[in-house]
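Visitor: Have a look at this one.
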Amino acid sequence: MKSPAPSRPQKMALIPACIFLCFAALSVQAEETPVTPQPPDILLGPLFNDVQNAKLFPDQKTFADAVPNSDPLMIRMQQNQSGFDLRHFVNVNFTLPKEGEKYVPPEGQSLREHIDGLWPVLTRSTENTEKWDSLLPLPEPYVVPGGRFREVYYWDSYFTMLGLAESGHWDKVADMVANFAHEIDTYGHIPNGNRSYYLSRSQPPFFALMVELLAQHEGDAALKQYLPQMQKEYAYWMDGVENLQAGQQEKRVVKLQDGTLLNRYWDDRDTPRPESWVEDIATAKSNPNRPATEIYRDLRSAAASGWDFSSRWMDNPQQLNTLRTTSIVPVDLNSLMFKMEKILARASKAAGDNAMANQYETLANARQKGIEKYLWNDQQGWYADYDLKSHKVRNQLTAAALFPLYVNAAAKDRANKMATATKTHLLQPGGLNTTSVKSGQQWDAPNGWAPLQWVATEGLQNYGQKEVAMDISWHFLTNVQHTYDREKKLVEKYDVSTTGTGGGGGEYPLQDGFGWTNGVTLKMLDLICPKEQPCDNVPATRPLSESTTQPVKQKEAEPTP
């Protein structure tokens, strides 16, 4: 292992030896791993561009998911022959994804019965896939979100798994953890989803939390079993840190001037996304003052954040082409990295490696100080993202600000201020607003998303802010119930300015199903109703229940220099 430069020994000491060991393990593994599947835009070359630009399908994801019927090289050689017709050519040479059968729930089902009945409907098995398929095989069955999302998605799955656990389907939780561990072992990280075109990026890192969830059922055995994969994922997120100088960024790692290590979202490619090809090209063309590759990278990195798209990443909330995701240090990502470090410490201790546990604790403590120093806006009184270009914390309040509370990284006095800010600026009749900005993007007002409702609810409860937490749950559940009563389905996102309406905006129509909404709804139903009187629907009047969640003892914020 290369020795650190003499000017950096103290800072490098904060990085556990396991990171370097994991890098070595990954490099050895890379020699044994099959060639990484190529995404369709590379496999098909100019043909892919021609088909997407011709807009043969209403959704660009359709052709990205189409399976070539023979070697793509042979298919490409047949293009533009005499009498060539592009639509006919595609129909002959590709198998298009099948539209999912519309699920019609039995009459008279309660909300809980509907969700429990959906788990098998949303379950898929793909142990084997066609040779040229963009779908990546997984060894165990998994639950998909629903609608156009025919594959498993990384961060969606954690909130889906909360619901599976609530329904008693611990076998499915275990299967999905095993699948994600398989992806880490196979590709070195968990991709955005199990598609070849998602391999160049990940998503909010919830794998360690998934293992922690499974450990609620299986005990420390789960932590010990998946410790190697958690370490490998940590190595992926910290890749490049060993050579990073102060003030530099490398892939997903940021080193600030004082040596603080934080993370950002990143995609290894800088081309249009195959699943949104035409849209990305149009976005890049609309801003000739920026290199197209830079815009493509920032679009892809926003997809890696899960928030695609939001004013959070933009200089001008009304212009998507001003997004610059890679120059923003997100508060939610770094909260999740803190949690990953804490769980790695716990798992290392369970495995009997106290020295390694102490190293991860040291890393977590250093990151917590970084969050308090760089991701807190003292003037506004809330957590926010850090801007690498202006070298300042940003002013915008978003629902991501509640992640430090969710992972118990916030100081008590700051959590109290967050509760006030949440109630004043984000709480709406139908739940928690994603932001207070109306940009037309789906991760902005007036949309509310199930995972953010749960993060806020749990986070506020961790700090004894039960009233605001229960307000969020009650408002969101009412929204879900009213929509279900009218449409007999749960949807991907909701308009929280009212109740009973699905959300809008973004690149595609509103999707139903819907994995993470199902999971969060079950958790919230069991939160608001007393255990001795569980509810199958949201009650007409708010129950006077007491949560079993106890606030975690917190310390006051340390003054930042």
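Here the Cβ of each residue, glycine as well, is placed from N, Cα and C on the backbone.
Pulled the feature table from Swiss-Prot, pasting it below:
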- 1-30: signal peptide (SIGNAL)
- R148, W155, D156, N192, R201, S202, Q203, R273, P274, E275, G306, E507: substrate binding site (BINDING)
- D308: active site, proton donor/acceptor (ACT_SITE)
- E492: active site, proton donor/acceptor (ACT_SITE)
- 535-561: region 'Disordered' (REGION)
Visitor: Give the number of CB atoms, excluding that of R201 (substrate binding site) itself, located within 10 Å of its CB.
Guide: 23
Visitor: Under a criterion of Cβ-Cβ distance under 8 Å and sequence separation of at least 6, what residues of the same chain contact D156 (substrate binding site)?
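Guide: Those within reach of D156 (substrate binding site), by Cβ under 8 Å and sequence separation of 6 or more, are P145, F149, P451, G515, W516.
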Visitor: Report, in whole Å, the straight Cα-to-Cα distance of E492 (active site, proton donor/acceptor) from Q203 (substrate binding site).
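Guide: Cα to Cα, Q203 (substrate binding site) and E492 (active site, proton donor/acceptor) are separated by 17 Å.
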Visitor: Of all the active-site residues given, D308, E492, which has the fewest Cβ neighbours within 10 Å once its own Cβ is left out?
Guide: D308
Visitor: Using a 10 Å radius around its CB, how many other CB atoms surround P274 (substrate binding site)?
Guide: 26
Visitor: So how far apart do the substrate binders R148, W155, D156, N192, R201, S202, Q203, R273, P274, E275, G306, E507 get, largest Cα to Cα in Å?
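Guide: Pairwise Cα check on R148, W155, D156, N192, R201, S202, Q203, R273, P274, E275, G306, E507 gives a maximum of 20 Å.
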Visitor: Quick check for the class: what is the C-alpha distance, in angstrom and rounded, between P274 (substrate binding site) and D308 (active site, proton donor/acceptor)?
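Guide: Answer for this pair: 15 Å between alpha carbons.
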Visitor: If we check Cα distances from E492 (active site, proton donor/acceptor), which of the recorded positions R148, R201, D308 wins as closest?
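Guide: Of the recorded positions R148, R201, D308, R148 has its Cα closest to that of E492 (active site, proton donor/acceptor).
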Visitor: For G306 (substrate binding site), list the number of other Cβ atoms lying within 10 Å of its Cβ atom.
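Guide: Excluding its own Cβ, G306 (substrate binding site) sees 23 Cβ atoms within 10 Å.
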Visitor: If you count Cβ atoms within 10 Å of the Cβ of Q203 (substrate binding site), leaving out that atom itself, what do you get?
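Guide: Excluding its own Cβ, the number within 10 Å is 22.
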Visitor: Helix, strand or coil at P274 (substrate binding site), per DSSP?
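Guide: Its secondary structure by DSSP: helix.
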Visitor: At a 10 Å cut-off from the C-beta of R148 (substrate binding site), count the other C-beta atoms across all protein chains.
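Guide: So the Cβ neighbour count for R148 (substrate binding site) comes to 18.
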Visitor: I'm trying to understand the geometry here, so how far is the Cα atom of D308 (active site, proton donor/acceptor) from the Cα atom of R201 (substrate binding site), in Å to the nearest whole number?
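Guide: That separation, Cα to Cα, works out to 13 Å.
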